[in-house]
Amino acid sequence: MAAEVIYGSELAQSMRDEMKNEVLDLREKGIIPGLTVILIGDDPASKSYVLGKQRASEYVGVESDLITLPDSTSEEELLSLINELNNKEEVHGILVQLPLPAHINEQKVIETITPEKDVDGFHPINIGRMMTGKDTFFPCTPYGIIQMLKSKDIKIEGKHAVIIGRSNIVGKPVGQLLLNENATVTYCHSRTNDMEKYINQADILIVAVGMEHFINGDYIKDGAVVIDVGVNRTKEGTLTGDVEFESAKEKASFITPVPKGVGPMTITMLLHNTIKSAKIHNGVNS
Ligand code: GUN
């Protein structure tokens, strides 16, 4: 059986079109959703992500402000900038592009962004809200994955979801969101023994390790749903995922490609969170 490919790019486009209309309505009420992105240093991958965020913001009508700072920026300077943005009424979302230079404490930065503007959903308060099943800003990549599953009516409840990777940005929160949807969740990581054993039991397999073709079709269960979060640059300069697409496609029932898979959904959920924040800040319901 060859899997159906879930193109996140298509879902992202239709969600962005809906958001565009929603933002038009908000603008008529005098509400302009505002996002400020802070980029430190000149890592090419980070620059390219940030550019994608700027373009998508413009498309849906979110006012996006990019602040670029040199590698030499001190932690103190960054924290004071965040505090300024926390107090700016027209800013509804603050995103500091990760990773940060080594001399800046990432966790301190995350905790300085007020939870009310934490559109990444990385603040411990928002993580706690997610863990206790409350509504909040959910981390964008995990939230996008849930949307992709739902867009194909893929049943999550009662299914065994196996997550490969335990990062704070993807692995841990996607497991939590799947648990909130009543999946049974297993986390695998670099210290897991006999990982194949778990991969083989996965109804939903989420791979987020950042290693080119870490998984191939061999151990994937027939009919599994395979979500590839990896974005790796090949020797030839093209992008590829953590899953060897062609062999995995033969086993899976659904599979996401790289590119055009999860990536576009991450940015889309960031816009969703920013619009949600603008509505909350202005007392607009739903
Ligand atoms: N770097 C890679 N992914 C992300 C993300 O989702 N948010 C932020 N702030 N930085 C990232």
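Just so it is clear, glycine is given a Cβ too, placed from its N, Cα and C backbone atoms.
TrEMBL entries are annotated by machine, without manual review.
TrEMBL lists 6-120 with the feature domain 'Tetrahydrofolate dehydrogenase/cyclohydrolase catalytic'. Taken from TrEMBL, the feature domain 'Tetrahydrofolate dehydrogenase/cyclohydrolase NAD(P)-binding' applies to 139-281. Under the heading NADP(+) binding site, TrEMBL lists G165, R166, S167, V231.
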> Taking the residues G165, R166, S167, V231 listed for NADP(+), what is the greatest CA to CA distance in Å, to the nearest whole number?
Replying inline: 16
>> Taking only same-chain residues 6+ apart in sequence, whose CB is under 8 Å from that of S167 (NADP(+) binding site), what do you get?
In response: A208
>> Looking only at the domain 'Tetrahydrofolate dehydrogenase/cyclohydrolase NAD(P)-binding' (139-281), what is the model's average confidence as pLDDT?
In response: 98
> DSSP says what for the domain 'Tetrahydrofolate dehydrogenase/cyclohydrolase catalytic' (6-120): how many helix, strand, coil residues?
Replying inline: 60 helix, 18 strand, 37 coil
> Relative to the Cβ position of G165 (NADP(+) binding site), how many further Cβ atoms are located within 10 Å?
Replying inline: 24
